[in-house]
Amino acid sequence: MGFSSNLQGKIAHEALLSRQDAELRLLESMKRCITLKVKSDRDYATALSSVAAQGLKFDRSDELSGSLVGASWRSMMEEMDNTAKLIRQNADSMESKCLDALNSLYTEKRKARKLYQEEHSRILQQFTHLSDEVSRKKSEYQKYLELYKLARYKFEEHYVKSGRGGRKLDEVRDKYQKACRKLHLTHNEYVLLLCEAVEFEKDFRTVLLPGLLEHQQSLQEAFISTWKQLLIEIATNSDLTSEKFREVQRKIENSIESIKPSEEYKDFTEKHKSSPTEPVKFTFDESLVEDSAGKLLPNQLTVDNLTVEWLRTKLTDLETSIKENQEKRTALTTNHEGLANGNSTLNNEINNRLSTTSIDTSRKEVNELKCQERKMLKQTELIKSALNELGCEEAPAACDLSIDNQNFISNASEQGDGSQSTLSKRSMFEAHRLVSMLRKPFRRKSLPSSPVAPPRSRSRKDSSGARSEGADPVSLTTNKSLVDEEWFHGVLPREEVVRLLSNDGDFLVRETTRNDECQTVLSVSWGGHKHFIVQTTAEGHYRFEGPAFPSIRELILYQYNSGLPVTSRSGAILYKPIPRERWELNNDDVVLLDKIGRGNFGDVYRAQLRNSNEIVAVKTCRVTLPEEHKKKFLQEGRILKQYDHPNIVKLIGICVQKQPIMIVMELVPGGSLLTFLRKKSSTLTDGQLMKMCLDTAAGMRYLESKNCIHRDLAARNCLVGYNNVVKISDFGMSREEEEYIVSDGMKQIPIKWTAPEALNFGKYTSLCDVWSYGILCWEIFSRGDTPYTGMSNSRAREKIDGGYRMPAPESTPDEMYRLMLRCWEYKPENRPNFEQIYSVVETLCAAYRVTFC
Ligand code: ADP
């Protein structure tokens, strides 16, 4: 299938030229590609070298000395650098050899194409030329043939006409001869030309064109052979599996092969060999509990009213976690067994290794879970035994004020000279105050209707086992319900209960709400205060540890009459039922008449006491409020019951027998001072206003002397009584302390009435009340205006910190305004106390000749 026999046609000739053009284009493209490949290989080699250099940097420290993995990595990086070198060498060689060869092949091929085209044109031209000559000669031949025919016709015509002579005939004959000659010559030329053409045509077809094509074919094939060599060279220089590269790979593989997990840490272990760590002993630092008066014991959980719920929740959480942990562990163990069994069927080494690792991991996880579980089980045991200890006892109070104060007193008296006393002056004060509280008879108009059952001779035994006389027996009077018993104290707060139970064996019964459930609690003084929750049996009977009874009353009476301990753990025996105090009124003793106000905890009513018909004011606490709020509500009663002063609203009692709990107070008919000032602004004289300032100063002087900080002194919290006497009220925020630091945020703070140190640091003293007193006087003289009118709370605070003080309300006496400014001294120590304030206001009142001063 050679060119010569197959490619003679015109179309084949064109195709051959196109093919050569395409090959030239391919060569050009190859040149471009090889140039790019050389460049990219060089770039890659450079990048690879720098990666290898980076990878070798790990080797700078000697922490990895002796590491087989390290050595293998080093070798891998070195071989990576060698790979880079090889790639660079190949690129150089490709550039120098292949690119040059490609260039010359391109030139040669171009030249060959050109020559072929020229030669082909030349022989084709010869043939065309000859063909043209033949045509031309043939035309010439035809022309001379016509001329000859004409000349012969003329000669024959003359010859016939003139006979055989004459000049004209000669001329005609001559022309005839010339035409004949021309025709014959042309004929011969034509014959010769045709002979040449025939020969040439034969040569063109059989010799010249095939020869040219044959030559071209051999040239092309020679080019292809060079081309092939070139491609071989390119392939060789691009071969990453060549021996040189394989050598690199072998070295890497050998270095990896030399890694032996068991030997990896041999040198390291040798170098850092040390003895096993000493076990760390975690011990309870006993000095931590030295000051806890035995409430906190080393290594023992403290179960009290503040922690019991937390402990129960913690126990539930722990038990849930233990269960989850066990489930996880079972799942892991099953999985682990599955992996171990599947091992034998796995041939692939990697898979084997992976499953071994998985088994190790799951084994490790199982161990960790076991450790966690052990920890949790230990904690569970600890909590359970602490809670079991408690039994049916209500958790003891964490802070039992009455005990603390009794301790204070006995400690203080034991200290004798006082010089070695560790008690602060304040604690001593507190102790005395509490003692007087315990002793002081409480103001009450009506006495309890049903006294405690008659005394029965039974000796009192203290918690140490010694007996003492004086126990009151209780008889089981029929038809009496628990609430009728004088020793039933309703929902009296626990803090009050512990204050009432002072001797071992003293007891009372009360109610409490826990998790929305009402529980009846027997509170007993027995080496501290114990609170036993009455347990309900499946039959609906009541019991502690002993027999069950159909009613709580019977249970308590049994406990009292039998002289048996309530629980064996506590050993607590009931000796003396403690009746309700005078101020513990029955809810039914109070008849609510009409609503006269609305407080934070509930509505305020005008009411009547059933026994004395006295008209009183009653603050109620909404039944739906949480227990904490109810305690806060009663706080006012707790504080007020100790005070007796004409300018302090008086407490008559509290009703805690059932819900709603109530505080019964003297009715102050004029209502709140703020409303009063606003209503009567036009009629109030400066003298009356001065008198109001004096009343409040007197009340505050009294509170200051009692170490009571009111914390919310303002016109809205004062009441106006007969003859416009002002009484300080609303002790909801009050604290009986010299200094009170707020730690539970500053919610609902009356910003515009509160001193800067209380706002900024939560630090309250009576001198904070002095600041508020200044504002109260401003309210009085402005006849009920809002302080810092038009300013927001934060703006007022900012301004005060910047030194701003309110101007005096119109018609304020100068001395009074000077007093206000002294009350608003930024530093509390620069403010007057209420003793001083009272004497200033008293003098001013006298100067105003106010008759009632
Ligand atoms: P709370 O302390 O719950 O905010 P307040 O002491 O402010 O309740 O009482 C609300 C309103 O009830 C007062 O503004 C006042 O009008 C009225 N009030 C409270 N106590 C008495 C009282 N002893 N005599 C007459 N009215 C009273």
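Cβ atoms here come from the backbone N, Cα and C positions, even for glycine.
The annotation active site, proton acceptor is assigned in TrEMBL to ASP712. The C-beta environment of ASP712 (active site, proton acceptor), restricted to residues of the same chain at least 6 apart in sequence and closer than 8 Å, consists of ASP730, GLY732, MET733, SER734, PRO750, TRP753, SER772.
Non-local neighbourhood of ILE596 (ATP binding site): VAL604, TYR605, ARG606, ALA617, GLY671, each in the same chain, at least six residues away, with C-beta under 8 Å from its C-beta. The feature ATP binding site is assigned by TrEMBL to ILE596, GLY597, ARG598, GLY599, ASN600, PHE601, GLY602, ASP603, VAL604, LYS619.
Annotation comment: TrEMBL describes 487-578 as domain 'SH2'.
Marked as region 'Disordered' by TrEMBL: 333-356 (among others).
According to TrEMBL, the region 'Disordered' annotation covers 443-475 (among others).
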So if I take the recorded positions (ILE596, ASN600, ASP712) and measure from each Cβ to the nearest atom of ligand 1, which come out below 6 Å?
ILE596, ASN600
Show which residues of the chain containing GLY602 (ATP binding site), separated from it by at least 6 in sequence, have their CB under 8 Å from its CB.
LYS619, THR620, CYS621, ARG622, LEU625, PHE633, PRO660
Reduced DSSP state (H/G/I helix, E/B strand, rest coil) at GLY602 (ATP binding site) is coil
Taking every pair from ILE596, GLY597, ARG598, GLY599, ASN600, PHE601, GLY602, ASP603, VAL604, LYS619, which the record gives as binding ATP, the longest CA to CA distance in angstrom is 14
Let's check the environment of VAL604 (ATP binding site): how many other CB atoms sit within 10 Å of its CB?
20
Cβ neighbours within the same chain of ARG598 (ATP binding site) - under 8 Å, at least six residues apart
VAL604
Which ones in the same chain are close to ASN600 (ATP binding site), with CB under 8 Å and 6+ residues apart in sequence?
GLY732
